[in-house]
Each structure stands twice: as structure tokens, then as C-alpha cells.
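Here the structure comes first, spelled out in C-alpha cells, and everything after it is commentary.
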Amino acid sequence: MQAALEVTARYCSRELDQYGQCVAAKPESWHRDCHHLKMSIARCTSSHPIIRQIRQACAEPFEAFEKCLRLNEAAVGNCAEHMRRFLQCAEQVQPPSSPTTGEAQPLPAS
């Protein structure tokens, strides 16, 4: 879960901040009034390579978790076991190695 939060915070901080502000401002109706912002976080994170890789590798537990959330909107705590299975799978996924990470590469010795 820490990895997912880090990716979300790093690449989707604007969306995450907007959603958090909406939830805080509308404690009675956040699930309805902030849904569009929740979806913007989902769109943002879905475009990140590690998230796409997790969704592919962990499709089955992810779909079960999403289904549980839809069925238990008012009691998401009922989905703890589904979440645990998904996160256990997600933690096993390694980020794709990319030669162009934007970090400086050492020069070859001459």
C-alpha cells in the first residue's frame, strides 16, 4: 500500500489534494459530491506504468476488491480481506526497469 500511496502522491498530488479538500469540506455527502475527483485520481494513477503493471499482474484480486467496494459503499471495512489480498499481490510487483529514468547515468571510464 505504501508503494501505491507514494506513486499517487508523486504523480497525482494535485488530484489527491483536490479530492482530500472536497471530502473534508463535504463530510455528509463526499461519496456523491467528490466522486468526479476520485475518478480523476483513478485516471491519473492508471496512466503510471507501475499501476498498469499491478493491474495486469493482480487483476483478479483487484476486481474482487472493486466489486466488494461497490457492494459495500457504506461499510468499506467489510472489504478488508479483499484489500489485503490485492495489496499482498501488488507488493510483489516490481517496477519496470527503464534505461531512461531521467536520472544521470555514470559516464564510462576512459
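Quick reminder: no glycine exception, Cβ is built from N, Cα and C everywhere.
The annotation disulfide bond is assigned in Swiss-Prot to CYS12-CYS44 (among others) on the grounds of sequence analysis. Around CYS44 (disulfide bond), the same-chain residues six or more apart in sequence whose CB sits under 8 Å from its CB are THR8, TYR11, CYS12, GLU15, listed in sequence order.
A 10 Å cutoff on Cβ-Cβ distances gives CYS34 (disulfide bond) a total of 19 other Cβ atoms nearby, all chains included. Here Swiss-Prot flags CYS22-CYS34 (among others) as disulfide bond, drawing on sequence analysis.
For the recorded site, CYS58 (disulfide bond), the DSSP three-state label reads coil. Taking all protein chains in view, 20 other C-beta atoms sit within 10 angstroms of the C-beta of CYS58 (disulfide bond). Residues or ranges marked as disulfide bond in Swiss-Prot (evidence: sequence analysis): CYS58-CYS89 (among others).
Sequence annotations record features per position, and here Swiss-Prot assigns disulfide bond to CYS68-CYS79 (among others) based on sequence analysis. Around CYS68 (disulfide bond), taking its Cβ as the centre, 17 other Cβ atoms fall within 10 Å, counting all chains. DSSP assigns CYS68 (disulfide bond) to a helical segment in the three-state reduction.
Among the features that Swiss-Prot reports, domain 'CHCH 1' is placed at 9-52, with the record citing sequence analysis.
What Swiss-Prot lists as domain 'CHCH 2' is 55-97.
Taken from Swiss-Prot, the feature N-acetylmethionine covers MET1.
Look at Swiss-Prot and you will find 34-44 tagged as motif 'Cx9C motif 2'.
Marked as motif 'Cx9C motif 3' by Swiss-Prot on the basis of sequence analysis: 58-68. Summarised as a single figure, the pLDDT of the motif 'Cx9C motif 3' (58-68) averages 90.
Summarising the annotation, Swiss-Prot assigns motif 'Cx9C motif 4' to 79-89 and lists sequence analysis as the type of evidence.
Closest by Cα distance to CYS58 (disulfide bond), from the disulfide-bonded residues CYS22, CYS34, CYS79, is CYS79.
For the pair CYS68 (disulfide bond) and CYS22 (disulfide bond), the Cα-Cα distance reads 24 Å.
For the motif 'Cx9C motif 2' (34-44), DSSP puts the residue distribution at 10 helix, 0 strand, 1 coil. Counting in whole angstrom, CYS22 (disulfide bond) lies 24 from CYS79 (disulfide bond) by their C-alpha atoms.
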